[in-house]
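Below: one structure, written as structure tokens.
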Amino acid sequence: DSTFTAWGPFIRDDYYIQPVTYRAIIVAGLVFGFANLFAISAAYIAFRQTKACRRPWTSAYIWMIWLEIAASFVIAVECLLYLLKVIRPSFWFYMSILLNWSIQVQLLLQIIINRVRIILADRRKGRMLMVGTAVLVTLINISVFVIWMPARLQISERWIHINNIWDRIEKVLYLLIDGFLNFYFMRVVKANLVKNGLDKYNKLVMFNQHMIVISLLMDVMIIAAMWIPNGFVYAIFHPLAYLVKLNIEMSMADLIKKIA
């Protein structure tokens, strides 16, 4: 399609647009459909939790879950519209994807930490965990902005090669951070509550053990999807994975509230 060309600042005259196959559209459409199902489920739970919250406008948790849903949905729509040749590649398109992805990643981890801080008796330790994770994730996000953007704009082959390597490393780092936070939560629950005779929290530990497997499998799915030839078919797996994770987190919040 001669009309489907890249535009805007930093775009080279010889900018190459990867052809989109029929199979790629089918895969992207299926993933988009599943992402929408989990988005609807997340929105329903979020609405219920917002309604139950006494002061939703001042609740960081309520803001985070709604922003997580919005960021994930925007990425899914943008990627699908790009593959359908409705949105043309540009600096602004790539920047939008990156900004929403940064919000998506940062908030999901902070939602997990929020769950840990509810159980953790040491407030100072909880605050350090929140700030430390935010700083670490921000540094990783900055590195992605520095590397992914020049690679997508095809500034040079060197940037594309560096991005191919760093993209995989960065996804493994998120898998490790996610795993650490979930295992730390189980340790805190066992140490602070179950060992002190609060046996009702055994249910929370058992539920979390099952959910942590699903949550980490979502990270593995993202890493596996990186081998899909088209980068934006792979990118549409992000919203699906993070919306599944968000559903898990909100279900966990419901369970904590129920047995507290």
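Using N, Cα and C of the backbone, Cβ positions are placed for all residues, glycine too.
Keep in mind it's a predicted model, so treat the numbers as computed, not measured.
So that you can see what the record holds, here are the features copied from TrEMBL:
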- 20-47: transmembrane segment (TRANSMEM)
- 59-84: transmembrane segment (TRANSMEM)
- 90-109: transmembrane segment (TRANSMEM)
- 129-151: transmembrane segment (TRANSMEM)
- 171-189: transmembrane segment (TRANSMEM)
- 210-237: transmembrane segment (TRANSMEM)
Outside the transmembrane segment (90-109), six or more residues from its ends: residues with CB under 8 Å to it: 6-11, 64, 67-68, 71-72, 74-75, 78-79, 82, 133-134, 137-138, 141, 144-145, 148-149, 152-153, 174, 177-178, 181, 235, 238-239, 242, 245-246, 249
Residue numbers, six or more beyond the limits of the transmembrane segment (171-189), whose CB comes under 8 Å of its CB atoms: 105, 109, 112-113, 115-116, 119-120, 129, 133, 136-137, 140, 201, 204-205, 208-209, 212, 215-216, 219-220, 222-223, 226
Beyond the flanks of the transmembrane segment (20-47) by at least 6 residues, Cβ under 8 Å: 62, 65-66, 68-69, 72-73, 76, 79-80, 83-85, 228-230, 232-233, 236-237, 239-240, 243-244, 246-247, 250-251, 254
Beyond the flanks of the transmembrane segment (210-237) by at least 6 residues, Cβ under 8 Å: 18, 20-21, 24, 27-28, 31-32, 35, 75-76, 79-80, 82-83, 97, 152, 167-168, 171-172, 174-175, 178-179, 182-183, 186, 244-245, 248, 251-252
For the transmembrane segment (59-84), distant same-chain residues with Cβ under 8 A (at least six beyond the ends): 20, 24-25, 28-29, 32, 35-36, 39, 42-43, 46, 49-50, 53, 93, 96-97, 100-101, 103-104, 107-108, 110-111, 114, 230, 232-233, 235-236, 238-240, 242-243, 246, 249-250, 253
